[in-house]
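Record features (Swiss-Prot):
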type	residues	note
DOMAIN	20-299	domain 'Protein kinase'
BINDING	Val26, Gly27, Met28, Gly29, Ala30, Phe31, Gly32, Leu33, Val34, Lys49	ATP binding site
ACT_SITE	Asp141	active site, proton acceptor
MOD_RES	Thr171	phosphothreonine
MOD_RES	Tyr173	phosphotyrosine
Amino acid sequence: MAEFVRAQIFGTTFEITSRYSDLQPVGMGAFGLVCSARDQLTNQNVAVKKIMKPFSTPVLAKRTYRELKLLKHLKHENVISLSDIFISPLEDIYFVTELLGTDLHRLLTSRPLEKQFIQYFLYQIMRGLKYVHSAGVVHRDLKPSNILVNENCDLKICDFGLARIQDPQMTGYVSTRYYRAPEIMLTWQKYDVEVDIWSAGCIFAEMLEGKPLFPGKDHVNQFSIITELLGTPPDDVINTIASENTLRFVKSLPKRERQPLRNKFKNADDSAIDLLERMLVFDPKKRITATEALAHDYLSPYHDPTDEPVAEEKFDWSFNDADLPVDTWKIMMYSEILDYHNVEAGVTNMEEQFNGQ
């Protein structure tokens, strides 16, 4: 049985196994407090995220289960990976992942990025999205603070599938709105992986310009700012809006012409402008895909089709429509955690046997 140690962080009890030491607060992540720690087993620095009261409501339990399933399934160099998970005696859940020194939001607020860094960061974002989308997963809340970077400029996407985007009045970071695709904002009938391409386009523009591209004060203002640059959406796109109120609002807006992006991004090279124009398209079906973006001329310094893997299998979303009581989610979660540790133990045993021969 693991031995647990308690510490108070920002008035919150962190109850972690003795494997981890030197707890330091890093900040609030999605639905939990994040600390850095030293993993005594691997001698590496890690991030430990405490999920607050995961079994307090069915909604929270399901959200935690979804995050656990996604972290277990997604294995890619540009996606954050799970290195440990445990339930404390107080029944809080802790996810342990690799620790990267900073995130893109902090980098962008500290200094302008040089061209080669912008290219390399965008390449890694697209490489990660190609894999994630091939697994049938949509991030839904891509923004600079969800993109982690270390001192070697290695980039990893984190906080997957957590945003409750079905709720257009979603609370949380106000800046989340800046990166949100129009089909989510206008509550169109359905959305898919293309929403992440729009968000990545907004992030790309912010790296080029040094400030958010569409800093809307609210959803109406947000949409207005988008149309100032990209013009009024075409009629066939407007007619896909399911909500009558939203449709009436969009049709009442003055017609606007698309502005050349070159006028706004005067220092960007032509290939950067071309890629950005292909990402920021109103019609999701006409937006460039992650795979296509990787092959674009702008990313050619890093593009290697032999080293841009896809997922071996699709993520199983069958649980997502389930409306289950907390106790059932808890049993399912315990089962996933046991499975994770059995698989990890199996790998370790195999390695020990192999090395012992």
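Even glycines carry a Cβ here, placed using N, Cα and C.
Overlay of Swiss-Prot feature records on the structure.
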| residue | record | Cβ within 10 Å |
| --- | --- | --- |
| Val26 | ATP binding site | 16 |
| Met28 | ATP binding site | 13 |
| Gly32 | ATP binding site | 20 |
| Val34 | ATP binding site | 19 |
| Asp141 | active site, proton acceptor | 25 |
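It is 20 Å from the Cα atom of Val26 (ATP binding site) to that of Asp141 (active site, proton acceptor). Under the three-state DSSP scheme, Val34 (ATP binding site) falls in the strand class. In this structure, Met28 (ATP binding site) is part of a beta strand by DSSP. The separation of Asp141 (active site, proton acceptor) from Met28 (ATP binding site), Cα to Cα, is 16 Å. The residue listed as 'active site, proton acceptor' falls outside any helix or strand according to DSSP and counts as coil. Looking just at the domain 'Protein kinase' (20-299), the mean pLDDT is 89.
Asp141 (active site, proton acceptor) is 16 Å away from Gly32 (ATP binding site) when you measure Cα to Cα.
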